[in-house]
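Going by Swiss-Prot, these are the annotated features:
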BINDING   Asp289  S-adenosyl-L-methionine binding site
ACT_SITE  His340  active site, proton acceptor
Amino acid sequence: MANRIEADNLFELTAELVSASAKLHKFLDQKNLPQPSFDAPAPSVALNTANKPYYDARSAIVEAAEQLIRLVRGPRDTLLALSFEHCATASMQVVFKYKFANHIPLHGSTTYSKIAEAVGDGVTTALVERTIQHCASFGLFETIPGGYVTHNATSSLLVTDPDLEAWMYLSAVIAYPAGAAIPKAVEQYGVSSEATEAGYGVSIGRKIAQFQRFREPDGKKDHEMFARAMRGIAAGGAYDFRHAVDGGYPWHLLTEGAGHLVVDVGGGPGHVAMALAEKYPSLRFQVQDLPETVQVGAKNCPEHLRKHVTFVAHDFMTPQPAHEVQDGEGIVYFARFILHDWSDKYATKIVQALATGLRPQDRIILNEVVVPEAGQVGRETERRMHDRDLLMLMNLNGRERTQSAFEAIFASVTPKLRLQRVIHPEQGELSLIEVTLDGVELPAQANGVNGHANGTNGVNGH
């Protein structure tokens, strides 16, 4: 994970920008990859350790450029710029509601009037023109004198990548109003632990949790959009589930001796369990989720994995069912992106449900964001983590947590749990948090694997 740039004057920041740009250019040149261009997608560079120089250079460029802009603008103009950022989301709400992007050809141009005619619904040429011209000012679409508009490499993704488009829709149309409603939610309910009292419910005028709303008959569209959005933000990026599989956790050690049963708690359709089963066929896997979700997972599970991966309906707020295990076989309870959906009140309840039946040979692995202390990572990474924390607050009254916040939960349940280590995948933003019963010592070889772990209670890369 890239370090924070501490330069604080014009020439130092410019030097950082030039140095990082040279490193990125050299890396791409050596790999025979295209250089960054406004007219093409970003270079396709896999998220792995070998490509760390590229991602470090890219992060340094972004941070230096943003710091330069803040420095040159000065405090007053920086505040004024922030005050107008919501206007971009307002324009995108119009773009997504009326699907402007779908009415612009991927090759060639069209006119504002033709877009308005195709949309109908009382949308005027003037509204289309004003909205698209505003979007073009921050890099979405290209406008041509005479009333014409074309796609660029950025806006075309709204047509060619429906999962990414779903994430953008979710952010603009659902999360944006929910965020604006946070003060009203606090005024109405106080600082609440309940998902039914989050900004989302206030924004739609109902006391209802977002997931409950999505499961209502007329919430199906938003539910489907949410599922696509989760795929969109995870595909190949810092939140890709493969960081959990290949990101430094020593899954191979679980195959030793009598082996382990890996229980994927809230595992959705089982994509993580199936990826692990492909790589470690001697392990057994059980995917737990809502009845309708595990039905889909079981149906779509490849035939050759069905003897390794089973699907069981289970409410993760309740204690684990009895598991059939062989003599000496351990159980790993794996929970990815679960606790952040919930306030501490309910996150503690989820962990308590896992702790109740935990044996000395068992462990819990949480795949969650671990928010670093201030100044420990680059500003872009730090901001993205806090952005996600606010998303959890506005939508569900959930939260992203620091290491100390996780440890407070582990200490509050009965029996008490012990944080063994936190492994941070090289290019991922979700850590692997390993927990056992208090007093249990992991084998020495399990600590500090492949340079990813900094030992017990160490947040790696932070």
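All residue numbers here begin at 1 and follow the chain in the order shown.
Including glycine, each Cβ sits where the backbone N, Cα and C put it.
Annotated pair Asp289 (S-adenosyl-L-methionine binding site) and His340 (active site, proton acceptor), C-alpha to C-alpha distance, rounded: 16 Å. Applying an 8 A CB threshold to same-chain residues 6+ apart, the list for His340 (active site, proton acceptor) reads Glu368, Val369, Arg388, Met392, Gly398, Arg399, Glu400, Arg401.
Within 10 Å of the C-beta of Asp289 (S-adenosyl-L-methionine binding site) we count 23 further C-beta atoms, all protein chains included. In the three-state DSSP assignment, the secondary structure recorded for the residue listed as 'active site, proton acceptor' is helix.
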